[in-house]
Amino acid sequence: MDRKYLANAIRALSMDGVQQANSGHPGAPMGMADIAEVLWRSHLNHNPSNPEWADRDRFVLSNGHGSMLIYSLLHLSGYELSIDDLKNFRQLHSKTPGHPEYGYAPGIETTTGPLGQGITNAVGMAMAEKALAAQFNKEGHDIVDHFTYVFMGDGCLMEGISHEACSLAGTLGLGKLIAFWDDNGISIDGHVEGWFSDDTPKRFEAYGWHVIPAVDGHDADAINAAIEAAKADPRPTLICTKTIIGFGSPNKSGSHDCHGAPLGAEEIAATRKELGWEHGPFEIPQEVYAEWSAKETGAAKEAAWNEKFAAYEAAYPELAAEFKRRVNGELPAEWEEKASQIIADLQANPANIASRKASQNALEAFGALLPEFMGGSADLAPSNLTMWSGSKSLEANDFSGNYIHYGVREFGMTAIMNGIALHGGFVPYGATFLMFMEYARNAMRMAALMKIQNIQVYTHDSIGLGEDGPTHQPVEQIASLRLTPNMNTWRPCDQVESAVAWKLAIERKDAPTALIFSRQNLAQQPRSAEQVADIAKGGYILKDSEGKPELILIATGSEVELAVKAAEQLTAEGKKVRVVSMPSTDAFDKQDADYREAVLPSDVTARIAIEAGIADFWYKYVGFDGRIIGMTTFGESAPADQLFEMFGFTVENVVNTAKELLA
């Protein structure tokens, strides 16, 4: 059957889906249909009957607005995505939301839409493939051997994150990464020459990529030859495909008119005529389905891989068991027992250290149990303390390690980690200063939206970093992380809370975690075994009064020590004071009402929250009758002790505030 005719099935479904929804982006799917047909029918190794097959090729639609392209491909190939699902494009609770979302339709490898993040996720997937291959493959047994393919448009290339990711991909020699640039010269505002005149091929050559320029995106033979050349090259490849946006539309192709709006009934009829597509809306002939179906070939490819894996399992039974455990996202059998013992030992052996150092100690202890750890930092390893004795850096010619030097690429790092998590086989963690999570915020939001694991170590968490000043001192960042749905945020007060936070982050597979650590040393707090267990609840009674409290001090991180000292002074003066350590407000909020009431009794309205972050966040816990000792402005450049005094983080100020409240 004519390849163009098979590609036209994508064009028809895409324009019909957008028309039915009365919103969407038909131009990119219609322009890239020929490329998609060649890639999916002649190259992509996948099995529609098992979208989770470990050694499948990954496909990422980085220009996620063209979502009808991937929905059409999944439907035509035989995935569990019906024609009714396509008719429900962009409708409430459908499997086909406006941008592709991970966890809705089978075969969607990542959520895309915020431009540039798809290509960056793909870099992470390609890194995970290369690292897993280095760790598990043996001579004659290539059980990890797959490609990551990406479609991306001009918008992805304009976004700065594409530079961060593609630069690193070239440095690390990710030869299994193949990207297709949809070079149609059109963005929402019109022809891109006025705002995007880069020499993109030269840009990627400078990154160390293999570049195939000037491929006719509507010539199946040229596309096929380019893919074959890309697969044979040891470098990541950019295939520059010249396409016509809205291909087939007689009056709107080649213009921004077809980028982000339905073609309209009249133009769709004209397009059907132009393409020689004589079938009605959402009608696909059986012979077209038969040509497109990947069920039989996909099952055969997976069966062949299963045979390879059986041979590997016979030769390397322990490695095979470890591979299965890791790709299934399971922790080692001895994890719970050993991790809990590590925490108990820390409580029994107090140390007054910075929580960033406590974090490194947790990595040292837990890392020995977790070969799946894949760490990293955005060029701040000596400050974030993210390397431990078992850390081994990934290098282009040796990917058997477990640590990535991301360079100064906070956004790229975080979105790459999303790709690593989505690929499977690793527990990724990265790091930067808390202030610079701002650069990476949207990628962490995407992790929360996708319900995937992404552990970020954010150090230098307050004015406590001192002399570097307000450019580096976070104020509103902790609150913004806490306010992000499905984000775990922890600000521990000592080495024990730090280890508990790390343990929970490692165990939590369905959400990202922000671990917020101090630069300065923090005093370890005494606790009973029950209190240690209660840390996981996010908030707990650290020090209590004799009888019912008349005042509750709530604190996090470096301010817990301050709250304890103030409570001791107030208690000595006859006040009944409870200290609540609340390292994770979101974990505390998830506890049942009885527990929350036991910790923060509603009839004790005299409450003070103490945190070197934005003050307004804490009204939810202290009420309008309470007080907050927090930040209401940016910081200053000065030694940390002077700043804490200037902004009121002193025992004297807490005590005086308490007395005013109780007066």
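Note that Cβ sites are derived from N, Cα and C of the backbone, with glycine treated the same way.
Going through D154, D216, D219 against Swiss-Prot, the one listed in the Mg(2+) site together with N184, I186 turns out to be D154.
Going through S49, S383, S389, S545 against Swiss-Prot, the one listed in the substrate site together with H25, H259, R356, H460, D468, R519 turns out to be S383. Neighbour density at the Cβ, taken as the number of other Cβ atoms within 10 Å, is lowest among the binding-site residues N184, S383 for S383. In the three-state DSSP scheme, R356 (substrate binding site) falls into the helix class. Rounded to a whole number, the C-alpha distance linking L115 (thiamine diphosphate binding site) with D154 (Mg(2+) binding site) is 9 angstrom. Reduced to three states, the DSSP call for I186 (Mg(2+) binding site) is strand. Cβ contacts within 10 Å of H25 (substrate binding site), excluding its own Cβ and spanning all protein chains shown: 26. There are 26 other CB atoms within 10 A of the CB of H460 (substrate binding site), with all protein chains counted. Cα of D154 (Mg(2+) binding site) to Cα of N184 (thiamine diphosphate binding site): a distance of 8 Å. The 10 Å shell around the Cβ of H259 (substrate binding site) contains 23 further Cβ atoms across the protein chains shown.
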